Amino acid sequence: MTASSPKLFVKSYGCQMNVYDAERMADALAPEGYVAASSAEDADVIVLNTCHIREKAAEKVYSELGRIRKMKAQTGRSPIVAVAGCVAQAEGAEILKRSSVVDLVVGPQSYQRLPELLRGAKAGLKPVDTDFAVEDKFERLVAPAPKAIRGRGVTAFLTVQEGCDKFCTFCVVPYTRGAEASRPVSQIVAEAERLAGAGVREITLLGQNVDAYHGDGPDGRVWSLARLLYELAKIPGVARLRYTTSHPRDFDDDLIAAHRDLPALMPYLHLPVQSGSDRILAAMNRKHTAAEYLRLIERIRSAQPDIALSGDFIVGFPGETDADFEATLKIVRDAAYASAFTFKYSPRPGTPAADRDGQIDEALKSERLQRLQALIAEQQAAFARSLIGRRISVLLDRPGRDPGQIAGRSPYLQPVQLVAPGAAVGDLIDVVVTGVGTNSLFAAPAGDAREAIPELAEATG
Ligand code: 5AD
Ligand code: SF4
């Protein structure tokens, strides 16, 4: 690259789809000569790829804009500053009013227009584009170069479905990401082949409601997520498939069968329930009960006994009583999570629950959050301990902490540290888990396990 290549810095907040979108923004600007900047200070274009899901996340953008303003004053540099992502979609031109440092506002459905929008921003036009485009965004987005893919590692995200029609009463997603839309199968397969061709071994399919996927198939029919997974599993080089996030209502029998049939489909499932109280589930408009959720998990586990579960929980939803919260603790105990994300309810402008009576005091939300987190931490540790002595596969994805060490991920997304001479990033190897740390597993290549932990020799054969 020449010294004069313009430099792009994208800072992403929030979910994995923003990570994916950040890559697509870099891909969209690569043909214009943009290369990655190492920091905001170094950049000609700074993109804040924002999250609107909770108030705290949404407010981060304004503190970051304050820092950029100071940085501009101190260094005398004047990079173009763009606000992208879900805050851009939700607040649009308001952002320009609140912060004069912003040159461009672009919502998630308009990233294909980024090159022309940047030209407008450079001309001082302060463009705002929060349209839900009629054209196919993905069709127009530039595919990543093999070199760019390689630079991003051996695991990759791939958006297959975007938006949500569920309208849970706490959630901004249906407003920021729009109505549910699925990409056509051929487009997804082509992108997956491109990733695999450049060395990607694990692909995580993304969608706000990924199990509601219903894309046009090459046979003229509508394909389900399960059917798509069977197809992707055929691509040479793709060793592991994951998908996130699912809604219990859309989890169909074919998807359960895919977990039984496809060795590449990792036995780790993010299936949020949000609450264990039927009263609160109804108030959240989740359209299922706690018992239905538990029955679903039972059915999935009987098809694939190895399944480990992850979830999302909200505490302090309006009207949540002590008994409702106890029901949440109960469903956590009954379902047994390998990990879970927990949140204090945050009233979001424009969502039905924000204006409801019975808003819960912050101190009570914090107390409930702590109790729930303690229970989940216990379950997470118990799950990790249950793996000691077990043989699992690890996808090596980075050098380890200490020399000679290499690191990877278990089927259940836990970081794994091991010493494996001759093994390289991108290898999928069988290991035996020898111990657990605070946030990771320790393991030895399966062949070495007898020496590493003789007392396990019997267990590992
Ligand atoms: N307050 C707190 N948590 C929320 N989530 C979504 N909206 C809110 C909100 N208003 C959580 C849900 C969802 C996850 C992505 O974020 O648990 O599954
Ligand atoms: Fe939000 Fe509910 Fe849609 Fe998930 S299913 S994105 S929580 S509205």
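Even glycines carry a Cβ here, placed using N, Cα and C.
Automatic prediction, not curation, is the source of TrEMBL annotations.
Note that the coordinates shown come from a computational prediction; the quantities given were computed from them, not determined experimentally.
Database features, via TrEMBL:
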BINDING   Cys15, Cys51, Cys86  [4Fe-4S] cluster 1 binding site
BINDING   Cys164, Cys168, Cys171  [4Fe-4S] cluster 2 binding site
DOMAIN    6-123  domain 'MTTase N-terminal'
DOMAIN    150-382  domain 'Radical SAM core'
DOMAIN    385-447  domain 'TRAM'
With the Cβ under 6 Å from ligand 1 as the test, give me the qualifying entries from the binding-site residues Cys51, Cys86, Cys164, Cys168, Cys171.
Cys171
Extra residues within 8 Å (Cβ to Cβ centroid of Cys164, Cys168, Cys171), [4Fe-4S] cluster 2:
Lys166, Phe167, Phe170, Val172, Val173, Pro174, Gln208
With a radius of 8 angstroms around the mean position of the C-beta atoms of Cys15, Cys51, Cys86, what other residues of the same chain does the [4Fe-4S] cluster 1 site pick up?
Tyr13, Gly14, Met17, Asn18, Thr50, His52, Ile53, Ala57, Gly85, Thr176
Restricting to the chain of Cys86 ([4Fe-4S] cluster 1 binding site) and a gap of 6 or more, list residues whose Cβ falls under 8 Å of its Cβ, or answer none.
Gly14, Thr50, Cys51, His52, Ile53, Gly107, Pro108, Val172, Val173, Thr176, Arg177
For a Cβ distance below 6 Å to any atom of ligand 2, name the binding-site residues from Cys15, Cys51, Cys86 that qualify, or say none.
none
Overall pLDDT of the domain 'Radical SAM core' (150-382), taken as the mean:
97
Fill in the CA-CA distance, Cys164 ([4Fe-4S] cluster 2 binding site) to Cys15 ([4Fe-4S] cluster 1 binding site), as an integer in Å.
15
Tally of residues which DSSP labels helix, strand or coil - the domain 'TRAM' (385-447):
4 helix, 33 strand, 26 coil
